[in-house]
Every structure is written in C-alpha cells, then in structure tokens.
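According to TrEMBL, the feature compositional bias 'Polar residues' maps to 1-32, 40-49. Look at TrEMBL and you will find 1-52 tagged as region 'Disordered'. Annotation comment: TrEMBL describes 63-83, 103-121, 133-151, 157-179, 191-212, 224-244, 265-290, 327-350, 356-377, 389-411, 417-439 as transmembrane segment.
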Amino acid sequence: MDALSSTNEKSSFEGGSSLETKESSQNVTVSTAAPDLESGCNSPSSQELTPAPEFSEGGLRGWLSVLGGAIMSFCTFGVVQSFGVYQDYYTRVSLSEKTASEISWIGSAQVFLLFAIGLPAGKLMEMGYYRHTTIAGTLIYSISMFMLSLVQPHHYYQTFLAQGMGVGLGMGMLFLPTLTITSHYFRKRRSLAMGVVVSGGSIGGCLYPVLLNNVFNSSAGYGWGIRAVGFITLGLLIIANVLLRPRLPPKRNSAQASLRTIIKDVPFLFFMLGAFLLFLGVFVPFFYLQLYAVLHGVDVRFSKYAITIMNAGSLLGRTLPNIVADLLIISSIFTGSLIFAMFGATSLAGVAAFSVFYGFFSGGVVSLAAPAVGSFVTNPDLSDLGIRIGMTSFALAFALLTGNPIAGALLTSERHWQRPLTFAAIAVFAGAACHLSVWKASVARRGKKTV
C-alpha cells in the first residue's frame, strides 16, 4: 500500500491531478483541473505555464539545505516533542494547582502556532521575504525562551504567554518555510530529504528531555534549564539560517490562481481532513507518557527517559519508511493500534517497549505527511507548493491546538486514562480511513491495483 508521498517521479498518490505536456515552440500546456473524487475524471481546463524547473536531487546546496532544515527541525519540533517533560513538571511542581488540561493548553498553543503561522510565512517566502521571516522568527523565539526562564512558579498566564505564544510564534516563522525550501532541491528523493529534515526533530526530542529533566531536578533549577535550552537553540538557529538558501525566484502574483485551483481539488481537501484527524490524536502519548509512567509506579529515574526513548524510535520512523516505501496509511494504522497498547505499559519494560514502537510508527506518520502534500502539486514550476503546505499546516494547527487539551479534559483529576487514549486512537484510525479512501479512488482512476 505504497501511498501518499512523492518518492517516485510519478507519485502513488497524486491528488487526482494528472500532468500532460504538449510540446510547442513557445510554451508548455499543463492540465491543472482537480478531478472529481467519485468519477476520477479531469475537467478540460488548462493554463499555460513556464517549463518545469530542473531538480538537482542534491548537490552541495541541496544537502546543505537538508542539514540546515534538520537543525531547524531540531530547534522547533524537538522542543515541541519534549513538552511531556514540562507537562509532568508543571502538573506535579510549579503549576500543581492547574489541571492537566489547562497545562496542556501551553504546549498545544505552542504547536498550534508552529503550524498555523506556516500559511502567512509560506506566502512571505514565496514573495521573496524568506530571510526576513526567519531572522524575525529567530529573535522572537530566543527572546521568548529567556523570558520564560524568568517566570516564577504558579504564574500560569506568564508561562502561557512566553512558552505557548512567544516561542510558538517564533517556531511558526521558522519550521514550515524550511520544509518548502528543501522541496525546491528534490523531486525523486523528496521523501528521503524531508525524512532527514524532520528527523532532526526526533534528535532534539531525544536530547532536550534529558537536559531538561536533569537540570529541573538539580540545584540549577527550572530557570537555568530554560536558559540552557535558549542558548543552545540560539546558536543552532544562527547556523541553520546560514545554511538555508531559497532556490526558486519569488512569485508575487500566483497565490490567487493557486488558491482557486486548490479549493476545487477534492482529493486534496479530503487528504487534509485525514491529516487533521491523524494529528488530533498522534501527539497525545508524547504529551502524557511521562506523567502516565510516574503515576503508574514506574521508577521515576527511568520515567524521565520515556520521552527520549520514544523520540529515538521516532528518529528511525522518520527515515526508514521514507527510504523503503511510502507507508503513511500503514504507519497510521499501527500508530492507532499502539495507542491502545499503552494501557498495558505499566512497568519499566512495558513503557520502554511502547516508547520504541510508538515512536517508530508515529514518526512515519509525521515525516510522510509533508511529502504527501508535495504529491498533490499540479504546477510543474511548484508555484502551488508553498500554499498547499501552508493550508495543510493550518488545518493541522487546529488539530494540535485541540487534541491534547481534549485528552487532558477526558483524563480529569481522577486520572481515567482509558478515555483520552481511546479518543486518540479513534482519531488516528479515522484519519487513516480518510487517506485509505483517497488512495483507493486513485487506484481505481488509474485502473490498476498496485501503486
């Protein structure tokens, strides 16, 4: 079931738009109409575009962009995936008077802005303001981290503003434009390149929790733990800004035409619905596993490393599926199944096993979502790539904003763990079902059973 990516030149999940070129002495005519999901037929409209750009499939600048993107992902997604450490610390220590749901709003606001800002940031990048956007994002991110280090215990609103809003805004101005730049250099190897970029977040998710847990519980305390993260992040972001360089020229007038085409692309809209449902549930274990392990009597010294182990598994999951095949649907099904397996993770061995396997399969879900968006691009000059990534990220933002607080509300102060875990699993399965239906429509349209 090799679906939903663009590893091969002809993607297995093309969003239902076929490219047909006709040679002429002056232009290339490209069919851009979105198909009907039920009939699988393209409408006859077309538009004239400039010839498709060449893809270097790497080269020095291409792989430097991958390295810079991985560093950017380390500093953004790596911190987001470490929020379970904050969730545990805030719940038991510095914000103990607040509920798990209220605390999870901090992390959810952060990850919401990480994705929601992608739409305007992507548009600014297409207009030629990439460098302005990333420099501003770096400054906002760094200043907010240092402000967070000054927040005193039991000041919820200050924590929310600095960590949820400030850090989240800075992250949003950095992360999604980085993915778009990486796509400019790769076509056949886009899934692999994207997997390497997103795997930087897994590496950050391995290292940040170890740093935070050790510093929070030492004489240095919470403030210096946050400052340490702030200094590390600032240095890495400077390096990433130097490495990342846009390849394609600015496109200042394409957004309106691209948007009209995209909102008629029914398979792409259905794909976004599936992605929304997937991300509604997939991060619940990342937010709550450490708290779950501690409250179930697992050795506290080991529980501190549960999120690190999960992110280590996620590191493999974000690269291997991209190399072997395009396995978004399969990864989603295993992810939903493993959420139910968390019920049995009440011992040290159980938590360790769950962390590895869940990290691996959920990593595939996260890393394959971005290349899947690229497979829907209809314009050979990639003029609609940025806005498609921005639209998808905006949809994912609302899933990430609401999913974890819903799980926290279902958990309640009485710790009914079966409620949030069942909610998360059902959401993931529903997202997989949406993607499976679009994949089946794509197969039926081409009249073959393997893709």
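Note that Cβ sites are derived from N, Cα and C of the backbone, with glycine treated the same way.
Of the two recorded stretches, the transmembrane segment (63-83) lies close to the transmembrane segment (191-212), with three or more CB pairs under 8 Å once pairs fewer than 6 apart in sequence are set aside. Proximity of the transmembrane segment (103-121) to the transmembrane segment (389-411) is established through 3 or more Cβ-Cβ distances under 8 Å for residue pairs spaced 6 or more apart.
Proximity of the transmembrane segment (327-350) to the transmembrane segment (224-244) is not established, fewer than 3 Cβ-Cβ distances being under 8 Å for residue pairs spaced 6 or more apart. The highest tally of CB pairs under 8 A with the transmembrane segment (356-377), across 133-151, 265-290, 417-439, is held by 265-290. Most Cβ pairs under 8 Å to the transmembrane segment (389-411), among the stretches 133-151, 224-244, 265-290, 417-439, belong to 265-290. Ranked by Cβ pairs under 8 Å to the transmembrane segment (133-151), the stretches 224-244, 265-290, 417-439 are led by 224-244. Same-chain neighbours of the transmembrane segment (265-290): 4, 13, 15-17, 34-37, 81, 83-85, 87-88, 100, 104, 107, 111, 303-304, 306-307, 310, 332, 335-336, 339, 342, 351, 354-355, 358, 362, 365-366, 369, 372-373, 376, 378, 388, 391-392, 395-396, 398-400, 402-404, 406-408, 411, 420-421, 423-428, 430-435, 437-438, 441-442, counting only residues six or more beyond its ends whose CB sits under 8 Å from a CB of the stretch.
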